[in-house]
Protein chains: 2
Amino acid sequence: MGGTRDFLPEAMLRREYVIHTLKQIFGKYGFLPLETPTIERWETLAGKYGEEGEKLIYHVVSSGSLEELQPGKRTDLALRYDLTVPLARVVGMYGDKMVPDPANPKRQIRLLPRPFKRYQIQPVWRGDRPGAGRYREFYQCDADVVGSDSLLVEAELIALKVEAFKALGFADFTVKINHRQLLAGLIAWAGIPAAQEATVLSSIDKLDKLPAQKVKAELTGKGLDAGQIDALFGVIELEGSGLGLLAAAGERLAGSAAAGEGIGDLKKLLGYLDRFSVDPAHYRIDLSLARGLDYYTGTIFETVTSAQVGSVGAGGRYDKLIHTLSGGRADQPACGISFGLDRIYAAMEELGLLTQVTGSTQVLVLNFSDPGIEEVTFNLVRELRTGGIRTELGYNEENFTPNGMRAQLGYANEKQVAYAVIVGPDELAGGVALLRDLATRKQERLPLAEVAGELTRRLGP
Amino acid sequence: MGGTRDFLPEAMLRREYVIHTLKQIFGKYGFLPLETPTIERWETLAGKYGEEGEKLIYHVVSSGSLEELQPGKRTDLALRYDLTVPLARVVGMYGDKMVPDPANPKRQIRLLPRPFKRYQIQPVWRGDRPGAGRYREFYQCDADVVGSDSLLVEAELIALKVEAFKALGFADFTVKINHRQLLAGLIAWAGIPAAQEATVLSSIDKLDKLPAQKVKAELTGKGLDAGQIDALFGVIELEGSGLGLLAAAGERLAGSAAAGEGIGDLKKLLGYLDRFSVDPAHYRIDLSLARGLDYYTGTIFETVTSAQVGSVGAGGRYDKLIHTLSGGRADQPACGISFGLDRIYAAMEELGLLTQVTGSTQVLVLNFSDPGIEEVTFNLVRELRTGGIRTELGYNEENFTPNGMRAQLGYANEKQVAYAVIVGPDELAGGVALLRDLATRKQERLPLAEVAGELTRRLGP
């Protein structure tokens, strides 16, 4: 069906490799998994995604209740649209809940530690009539810290991002960093009314796809004059990097308290990144980074790679959003990052980083229906599996024929198995096995007693 | 919302432990992962689950299309109801598809190897108004082999089940095994018309919950006479085990070809299980096992443990079902098992098998806002993470106070962290760190240079 996908085994193995890698790193940084239900109350999602977004929410109704439906009227239940609203709901519902400490039941501890560091990797749904490369169902992957306004949060999220992209095999990637208050200060300093901030940011956000001239034309179309545009671009096109760039921006924007706060945060953040020894080749201050979404209040990030797939992740600080999204039930500062899984797979595909990823069967032991041979081959399969080798025994209950052997080897090829082990009557009599490398088609002869040990050495975990 | 669940981190860590264990074992037996979309066409699901089941299917409609809805009329899209219909759809869509062999592009190979050995672990939805312990959304976990009628499939699935329950820590569990043709033969031999087979099996299926007397009364109510009931129970209550039990049943049912086939299969299966050295304490022939579902055609299985949660998994051979469910697009024999994840968690909880499962942060390094101390603690965090230790740095940007220290230790308690590392001004001056065991509250003093190494030794992967 358009906009949905079956993930067949080969694709799944690659997806699971990426997700497993991310989970390991999330865990190392103290982030723990959360899952929320697919179906949320309509009320929880209503009014959270803007007018356009709201049209894309999928409603859900059971067959038994179809008759209660009124044309054009909404239902009570809806599919998860993102992972941020459910996070806010969870914080609102459980954020103040206390439970007995298992180590000391007389004492109460929070059910959700504060700060709450969670990651969430689940599908979300959009009721789109999707075009190419757009899906009704896709996975989101977010890591957020709720309940701390420390800039250490930002530093750790960037360190985590850098470690994750390295672990996935990317050599050339950058986390771009900017700050909403710096941008707000800049916009005010350029003489642009605060009411135009959102629309100006959404234009600046296009600078990674459009030439500066087009963005300037768009800003002119939005009513900015040449002086305002020059003032804006005079700052976002400042040359330099790191503390030097921040100092230059600080000089220009000396009169702006907001910009000063943003610059102060970014300086502190650079200091933390340095303390964590994050490789400076993989992050940089980018004063033209804007992130169109209007809920960011502090630092903003975006990750790009050398692949032509666009941004592979983004994030930032959103200190007011939990309050809004939880319907006022919780009010906590927060900061998070997302990994764009589909674009990460596309980038890895483009850069050839997925060719070595497999989790397919490693050894197929050919199955001759002969009691003497079976005694050897069944044991071999069991030994290999005990050694952690992904092993299959060919399915063949007929008397073994050359044709049956070809069918089993064909299956091994289809499944991209590394080795076939052949113990036929001649091999059994000689106390040996043939090891066939299915990629090179080379065969070698090994004493039967050594087969399991040798394959476990070559292929083992 | 009733019937849906948030899985908070502690629950998620336990769920992920179980699922990860199962995935490892699936892989060792050559099963590969498959995922199918949440949203299927209504046509794919229609007519597949019986009248009662069909009422529970959730329909899906986007907000933008609500106005097209007619009261009482179904929609075009629906939520996945189980994992078997999607499997049949996938086999029907891709089962005959050929693709170039990556190792030799001149040759074509099947996109889905045959037999197709896949596992699938995804949520399914039921539009129920759920009672206690019943959910609108729950995970299913199925492993199936499509495309082989070999009894090796059954043997491997049972071996896999036994390995999985052992790996999860169950000591006392049994895979009960029976055969649909044996039961069909028995029913005919007892003089019961074939038309009553399904209803008789559904009564027999209750024998693990109801006393035999009640089941007999139910069968009487369904029109069976005393002679028929006696004939049935004379076989299903036969004493003995393994080949002896099968021989006794074979003698009784000597005239029935169907029963003979079933018994022949079970004998062969026992032989394979023996060849694979599956521990005979963990499987047994149970002639009273019936499995109510009417799509099984051969062997049937069910797994029980010593916990009071009922069956924790089931399965069997269903050689006609792919044909039916794929709308005739594929016709392949198949056999599968399921793991009842919610009941497995409940059983493990009851038996205390989950108490040691954790993936929470292992070390919290306390954060003193002092440049000299930061130089040590930030490095320590980085070293520990490099060694694979799940490590956090306390969030504290204020000057360090006793109160800030208490807050960080409180957080460590809430998160059930194993160790806190304290390097305050005195420790820094002495070149040492305090290691605080947060369960016992005992502290020890270690030279700073040894902290990362020692903790990695104690806690490392």
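Quick reminder: no glycine exception, Cβ is built from N, Cα and C everywhere.
Just so you know, TrEMBL annotations never went through curation; they're auto-generated.
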Among A:ARG107, A:ARG126, A:ARG129, A:ARG275, the candidate listed by TrEMBL alongside A:ASP82, A:LEU83, A:THR84, A:GLN140, A:ASP144, A:ARG291, A:TYR295, A:TYR296 for L-histidine is A:ARG126
Across all protein chains shown, the binding-site residues A:THR84, A:GLN140 give the max Cβ-within-10 Å count at A:THR84
Minimal Cβ count within 10 Å, across the binding-site residues A:ASP82, A:ARG291, A:TYR296, points to A:ASP82
DSSP, reduced to three states, assigns A:ASP82 (L-histidine binding site) to coil
